[in-house]
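Q: Here it is, the structure in full.
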Amino acid sequence: MAEEKSYKYVIIGGGVAGGYAAREFSNQGLKPGELAIISKEPVPPFERPELTKVYIDLEVNPTLANIYVCAGTGEAKQYPNWYKEKGIDLIVGTEIVKADLASKTLVSDDGKIYKYQTLLIATGSTNIRLSEIGVQEADVKNIFYLREIEDSDELALAMELYVQRGKAVIIGGGFLGLEISSALRANNHEVTMVFPEPWLVHRFFTAEIASFYESYYANKGIKIIKGTVATGFSTNSDGEVTEVKLEDGRTLEANIVVAGVGARPATSLFKGQLEEEKGGIKTDGFFKTSVPDVYALGDVATFPMKMYGGTRRVEHADNARKSAAQAVKAIKAGEEGKTIPDYDYLPYFYSRFFKLSWEFYGENVGESVLFGDNDPKSPKPKFGTYWVKDGKVVGVFLEGGTQEEHKAIAKVARAQPSVESLDVLSEEGLSFATKFYSTSL
């Protein structure tokens, strides 16, 4: 007979959302043996964004312990013994292969059965593979996708192997492409980025913002090829990649390829059991799903946007952390016959690479207004962009800002103050946000 365990709460997924949900349960009050985290990854929850940043910096040579949650918010790191001390069963290296939400039963890949009273789905996303978008010979050696800790470990080994002679091609011009390119270049690899869009981070950056980063990267020796895609690869006798074939007929030498062509939420386990929307699991403002006692967090959740109306699915660590806290607070409040406010999320994105660091709050819709020093040759560039819709500032981007300035732009994005004109806003620049922030304290 299969081994069976029962818990009051079960979290499926050991990523950012799972780790921060565990922290919130601990903060709210948790009895030993009430909570289990079941994760297919072999390690405790860690800050996944760091896989493309500090974790592959060979000069820093960090360990996994450096990036355990809750390092991303400056709180104490949750080492393996933290879960033991809190009475949380951390079950790693175990994948749930069957979920019957009607009977509140989960079955793992090793045949064990887990029963729960309340389930939190924090399964995150899976990378889209090159073969899924029609790229030929995409299963050769030294093509990397960064999602799990093993991915970054393997890339770091390849970076060490090819140090001083590395030729890396990054397929994709999004956030991951920017971060990985800088890490490889900082570790003395020749780097080429390839993507089909007309500029970097096309869905998010304006052409003016992208122009700065493209020039900055060019000054660092990174080559950028736009408007084409990879179609296949050449290999040596060991099956290792040697060339990337492009649609425009060019070939690029490469002994390392990193693909960042998108991701999809990992929801297949629950198909036909939960209501879905916009590619994710539909939830309310407390991250409750269409099935009682089942919650969805982070990347997999499509939730109501209180500020803007409608619903949205957000793939970002910030939302993973905050949605986890919201769900756990809602669960505990419900047990006590209390209520909490609906989730009121302000979209937030950030990135850092080389000596640059930017943050964005709000929405990138409407007319854009550039301000500040966006000279890529500047020793300390500092610039930003406001987005104005219907006479109100609805989004703000800032490169090179301070902590206080980031608070200011966040305040502006949430309050959405009116502006006299775009010209006046451009002239005021960052001072518009800092003045608004100081007067609202």
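Just so you know, glycine gets a Cβ as well, placed from its N, Cα and C.
From a predicted model like this one, the values you see are computed outputs, not experimental measurements.
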Q: Per Swiss-Prot, what member of Arg185, Arg203 joins Gly173, Gly174, Phe175, Leu176, Gly177, Leu178, Glu179, Glu197, Gly262, Glu315, His316, Tyr350 in binding NAD(+) at one site?
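A: Record check against Swiss-Prot: NAD(+) site with Gly173, Gly174, Phe175, Leu176, Gly177, Leu178, Glu179, Glu197, Gly262, Glu315, His316, Tyr350, extra candidate from Arg185, Arg203 is Arg203.
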Q: Do you know offhand how many angstrom separate His316 (NADP(+) binding site) and Arg352 (L-ascorbate binding site) by C-alpha?
A: 14
Q: Check the Cα distances from Lys53 (FAD binding site) to each of the recorded positions Glu179, Gly262, Arg321, Tyr350, Arg352, Ser418 and keep only the ones within 10 Å.
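A: Taking Glu179, Gly262, Arg321, Tyr350, Arg352, Ser418 one by one, the ones whose Cα falls within 10 Å of Lys53 (FAD binding site) are Glu179, Arg352.
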Q: Among the binding-site residues Arg147, Gly177, Asp299, which residue has the largest number of other Cβ atoms within 10 Å of its own Cβ?
A: Asp299
Q: Rounded to a whole angstrom, what is the C-alpha distance between Ser418 (phosphoserine) and Tyr350 (NAD(+) binding site)?
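A: Just about 25 Å between their Cα atoms.
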Q: To the nearest whole angstrom, what is the C-alpha distance linking Phe175 (NAD(+) binding site) and Gly262 (NADP(+) binding site)?
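A: Pair distance, Cα basis, whole Å: 10 Å.
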